[in-house]
Amino acid sequence: MAEFTEAEIIQATAAVKLQGPEDVAVDNISTDTRGELSGDLFVPLKGERFNGHDYLQQAVEKGVVAVLCDQDIVELPKEVAVYRVKQTRRALEDLAAYHRRRFALPVIAVTGSSGKTTTKELIASVLAQKFRVHKTEKNYNNEIGLAQTLLSLQPEDEVCVVEMGMRARGEIKRLAEIAAPTVGVVTNVGVAHLERLGSQDAIAAAKQELIESIPENGTAVLNWNDKRVRNMASVCRGRVISYGIEPQANVQALDIQYGLGKTKFTCRIFDEVFPVTLPLLGAHNVANALAAVAVARVLGLPANRIQRALAEAVSGELRQEVVDRNGVRFINDAYNANPLSMAASLASLSQFGEGRYVAVIGDMLELGPDEVAMHEELAAAVISAGITELITVGPLAHALGDAVKKQAHVNVRSVTNTSEVMPLLKSLLQVGDIVLIKGSHALRLDTLVTEWNK
């Protein structure tokens, strides 16, 4: 519950009061009329297909005591306070920033081209060994999701872990202004959103906005294996802790051993060394775990608590989610895809068991003018993974299939959309097969696992 007085609402948002009683106080901030709204301030947001101002009367009927608006609205009862702001979404962000600054707690922000959500979850799990942790739910990592996360902070919370996504320059800068992070984590710089930003250097500059926001008494946690991330150390005003497999990293993974269903490695934090067992697979998840180790050390957790939390880690929904049905093992990694995460998933496929490897690979979107070449370049990863049956979905993935056929004897089938995949799977899958499903979220490849379960 984020309580605000009228004076605080006006101070946070520069609102102008249009009507209502004096000394209004609200119990919480709401943006959705489907929930409990009694005593709340309702903030009507706008999207391409909706306008929250259309629901003001409904919000009043459900008990709100105040509303914001940024346009002319229908007449509301005089007992409901109405405040005019320049933009309701910006006002929501400003209220969240105001509420966040009521708490003198560490805020850890995570960004990167891939691995953000898994790293955020690992950090939260490790820190929960010592603290009451508040975190971003799922991957709600834009301005609205961050605002809602911060507005739900409670006095009992001791640490906050948030995820920051971006699609353009300046967006992470704004997210950092809202959240005021004390620790910033950058996982990597890939080519996701290349279509919008133009180059990997531009993507790096956008991610770097997080590190530029870290105060002098804060800490940047950087993936030392990624040159562009490593270069961000030069702009950090605070402390820098590096992680990776490089010997120069402050937090390093040594002697990595991949087994069925788990990964073991030796973790070195500066001069301290201890073993780690991680029930997640792939080199990318080792890196994600190292980031969590680094953050844990910043906040003073001992090795035994770090070990315990990592040993109990679970993969997130649609992120290397293992589903066994009727003798077939599906690796549902269909939340999203870019070349970096696609290559990582293919490289780790053999760690999920022995069998015939089948892959359903969909288009990777927003990669810019070189998108076809980026798909074709993944042919080597498909072949190295030992894929014997490949189904591609969409025109870009079709280019990957053509490249694979030119380089190896792999059975390739290419379709236009997801609805065409299930008949193919039913005709070719056998008991003992291991099936990787991965592509951009817009293709909804995850529905294949649900349909197979039926």
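Just so you know, glycine gets a Cβ as well, placed from its N, Cα and C.
Per TrEMBL, these features apply:
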DOMAIN    26-99  domain 'Mur ligase N-terminal catalytic'
DOMAIN    110-296  domain 'Mur ligase central'
BINDING   GLY112, SER113, SER114, GLY115, LYS116, THR117, THR118  ATP binding site
DOMAIN    319-440  domain 'Mur ligase C-terminal'
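Applying an 8 A CB threshold to same-chain residues 6+ apart, the list for SER114 (ATP binding site) reads THR187, ASN188, GLY190, ALA192, HIS284, ASN338, LEU340, SER341, ALA344. If you take the C-beta of LYS116 (ATP binding site) and look for same-chain residues 6 or more apart in sequence within under 8 angstroms, you find VAL110, ASN139, ASN141, GLU163, MET164, GLY165, THR187.
The Cβ of THR117 (ATP binding site) has 23 other Cβ atoms within 10 Å, all protein chains considered. Taking the centroid of the Cβ atoms of GLY112, SER113, SER114, GLY115, LYS116, THR117, THR118 as the ATP site, the other same-chain residues with Cβ within 8 Å of it are VAL110, THR119, THR187, ASN188, ASN288, SER341. The average pLDDT the prediction assigns to the domain 'Mur ligase central' (110-296) is 95. Annotation note: LYS116 (ATP binding site) sits in a helical segment as assigned by DSSP. Shown for the domain 'Mur ligase C-terminal' (319-440): DSSP residue counts in helix, strand and coil, namely 52 helix, 33 strand, 37 coil.
Residue counts for the domain 'Mur ligase N-terminal catalytic' (26-99) under DSSP, helix first, then strand, then coil, are 22 helix, 17 strand, 35 coil. In this view, THR118 (ATP binding site) is surrounded by 26 other Cβ atoms within 10 Å of its Cβ, with every protein chain counted.
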